[in-house]
Amino acid sequence: MSEGNDLKSVSQVREFLRELMLGREDPDGFFCLCLSLLGDTDTRTHFLDVIKPISSGHEHLHSQLTQIFLEYFSKDEAEELELALTLSLNETKQIKRDFRQQGSDYHPNVPPCYKSYADMTTVTSGVDQPKVSVASKNQPIAKCTLDTEVHKTTCAIKNINKDNDDLEVAKSTRSQRRRLRKKQLLSKNPSGLRPVLLWFRRDLRIWDNPALIGCLELGAPVIPVFLWNAVEEEGPGVTVATGGASKYWLHQALVSLNLSLEQLGSHLVTLKAEPSSLTALQGLIAETGAASVVATALYEPWLKERDDRVWETLEKQGVNCHIYHSYCLRDPYTVTTRGIGLRGIGSVSHFMSCCQQNPASGLGAPLDAPGALPAPSTWPQGCLLIDLELARMPRRKDGTEIDWAMNIRKSWDFSEEGAQAHLEAFLRDGVYRYEKESSRADAPNTSSLSPYLHFGQLSARSLLCDSRGARCRSPKFQRKLAWRDLAYWQLCLFPDLPWESLRPPYKAMRWSSDRVHLKAWQRGFTGYPLVDAAMRQLWQTGWMNNYMRHVVASFLIAYLHIPWQEGYRWFQDTLVDADVAIDAMMWQNGGMCGLDHWNFVMHPVDAALTCDPYGTYVRQWCPELKALPDDLIHKPWKCPASMLRRTGVVLGGNYPERVVIDLEERRAQSLQDVASVRRHFREFVDQRSGCDLVPLPARLVQEALGSMEEVVRHEGTGFLLPVITRMEFKHHSEDPDRTDNPYSAVLKGYVSRKRDETIAFLNERDFTASVMCESAQRRERLERDCCLLEGLPHPTASRGRARRTPTRDTYSKVPGGVAIPHR
Ligand SMILES: Cc1cc2nc3c(=O)[nH]c(=O)nc-3n(C[C@H](O)[C@H](O)[C@H](O)COP(=O)(O)OP(=O)(O)OC[C@H]3O[C@@H](n4cnc5c(N)ncnc54)[C@H](O)[C@@H]3O)c2cc1C
């Protein structure tokens, strides 16, 4: 150290001494700072001189510091380790100082560059954002004994002023810091504190894991555990929460998490949680003497209920519980419709408006992975991961194993690094095509990140952050993360979402129970190549893109008339990204029972014009058809017999005949059935607008009490809300005899893409208009009330005001629907 620097450092130490005397610094921290600023040798030489001025007047503090000094320098071993501790502590202190110097309100949870979910909605909607409060999303929501001053250090570390040459820590690279910390932390239980149980459930990653960092900040040895109880996962209804493919992924993800933990000097303890997770945790606490349990929150209502019970019981028993939010961008239990109303509920635009209107805490910046995890002196007994039977394969009669996951294994890298690689590849390449070409099945134009997001191997926050950093703007992609949050919000509002149709009349529809049709659909043997290709891709790899999910869902519902629950359960069993919230929301919508009717039906042949115009996708998954020409590959039944012979295709032989032939008739039948139940259950149809009515859950009723005009109160059925309803249904109910329904929802590939976009635009416009109309009404009400208070005459109703649509127009009240002139 040069002399100039030397003096500067000593004067900095003096400055910190003042902080210490003012109680803004603690003795350990102060000593660590000295070590960092002066170095080992100079601290040894100068420290006692530096603290001399406080020897009279602050005797206790002085003796504490002397004690720390003597203890430190009497150690003849592991000096490097101590230095490591010094550096990591110093990072925290340094951050505090930087914030003070910037004159900002120091809040360790919120680095200056924090981004909010609201920012994301700005990107997508272009609407000005309200200011976002600074409390971090990563703050524990349960009781927390942590000193918040040091909370989320790692996050803030990212923002250390790198130009500060005085501090070694600022010079050290991320890997150096990790190495140093590792050395320090690997010493067995340096703090002598009781261990902390890090309960992994779904955020199976070490990067950007606030629970993991929260554990480190407790300063105690960490015991990472994974508990498995299939009954608790499943919840009260038929959710198929972890089907075969998803369980297989879970097994692999745990293998990979364990490897990552081993690199941190730790490992994952796995355990069958029998009879319950609570008893398993209690057993672990008794076995290890753990004082705290740390986890990230889950949002499925039945898991949240279980967790609440667990936290309550453990806290009563004196165990500290720390829960962090990290799985969604928004904690779904905090999103309300206040200030927005209920009109348009179920659409992502409405959801995003609710988020904007009720801004939550900032998202914070993604956290680094730690360099190491302090290990306990003794590890609890667990069981082998294999004993959880997540990846158990069935056996044939002869005892050999049926390895149905072979292709899934070949298709995916199940690790956190795999997630990162997918993300990087997408941001490098696919994101450029995402905006316009995400529906293509024959090219990897979407991110394929869904299984990683589902198991939390990638955090939604870091995905959002990284996608913002991409060279190409991707609002459509970022909006998908809002869809994901919307699904969790809906599941919280409607816990029955995975098994109970939200629109009661549709339950009574004439649904088919044809098992042969269902099986043909499941296995990819319907005789419609596009549907079959998608279902085979699903079977073999556990995944298909969003457009193809729409195609196969439309086919099952509109053409095979099979209820949506069958599709949902099959997806839950076969998708590697099976996600109760998203899957249920999408199948409810596709099955005509959700909050947001799809205003389209995918035609199993014409849809190929958009997603597989050259038949490449069908050739990959239905190789028996590969020699057919492009223009006939999606309709082999149209091929002349000679062509079939030449290309080796035998319909009803190596490729199935179509399970249903007259698609138009099937669709017409479906439409009739809908009209019939809507007629029969008139109490669930709003007679003014023609929209379906959905019974409201208590939470929404409470929120809506201020603006009840949106809600219909019905004798016996409670509160009902008019919701987005497919145009063709409303038209058909009004004019059942007309055969050429102008709102026919069937999409015809490219031909109807324009129309699709127009409908989406009109939906959006109508929604905005209705929101504007609402606020005008609110203003009028306010004016009326003011006049009343001041004893003035009522202002006349603004009858002459130009309205966007005539009041008599039955469609004008459609929440999010398309407004058309009354015929
Ligand atoms: C009938 C049906 C069932 C579905 N079931 C599931 C499911 O079980 N699990 C699942 O993750 N997705 C489901 N989806 C949504 C969507 O199809 C997948 O998320 C998407 O295909 C995954 O591919 P990707 O990661 O390349 O998506 P991208 O388009 O790259 O999107 C990025 C991420 O955004 C989220 N996302 C995308 N689309 C949606 C959406 N519509 N709703 C909510 N989140 C979305 C996903 O987490 C996805 O990984 C379903 C869609 C339909 C039509």
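Glycine is treated like the rest: Cβ placed from N, Cα and C.
Automated prediction, rather than curation, is the source of TrEMBL annotations.
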FAD site partner of TYR434, THR446, SER447, SER448, LEU449, SER450, ASP577, ALA578, ASP579 (as recorded in TrEMBL), chosen from PHE477, PHE494, PHE525: PHE477
The annotated region 'Disordered' range in TrEMBL, which must be one of 157-185, 795-823: 795-823
By Cα-Cα distance, the member of recorded sites TRP511, TRP564, TRP587 nearest TYR434 (FAD binding site): TRP587
From recorded sites TRP511, TRP564, TRP587, the one whose Cα lies nearest PHE477 (FAD binding site): TRP587
Other C-beta atoms that fall within 10 angstroms of the C-beta of SER447 (FAD binding site): 24
Closest of SER447, LEU449, ALA578 to TRP587 (site 'Electron transfer via tryptophanyl radical'), Cα positions, binding-site residues only: ALA578
Between LEU449 (FAD binding site) and TRP564 (site 'Electron transfer via tryptophanyl radical'), the C-alpha gap once rounded to whole angstrom: 25
Fewest Cβ neighbours within 10 Å, where candidates are the recorded positions TYR434, TRP564, TRP587: TYR434
Close in space, distant in sequence - TRP511 (site 'Electron transfer via tryptophanyl radical'), Cβ under 8 Å, 6 or more apart: HIS561, ILE562, PRO563
Candidates near ligand 1 among the recorded positions TYR434, SER447, LEU449, TRP511, TRP564, judged by a Cβ under 6 angstroms: SER447, LEU449
Sparsest Cβ surroundings (other CB atoms within 10 Å) among the binding-site residues LEU449, PHE477, ALA578: LEU449
Within the domain 'Photolyase/cryptochrome alpha/beta' (194-329), residues counted as helix, strand or coil by DSSP: 62 helix, 26 strand, 48 coil
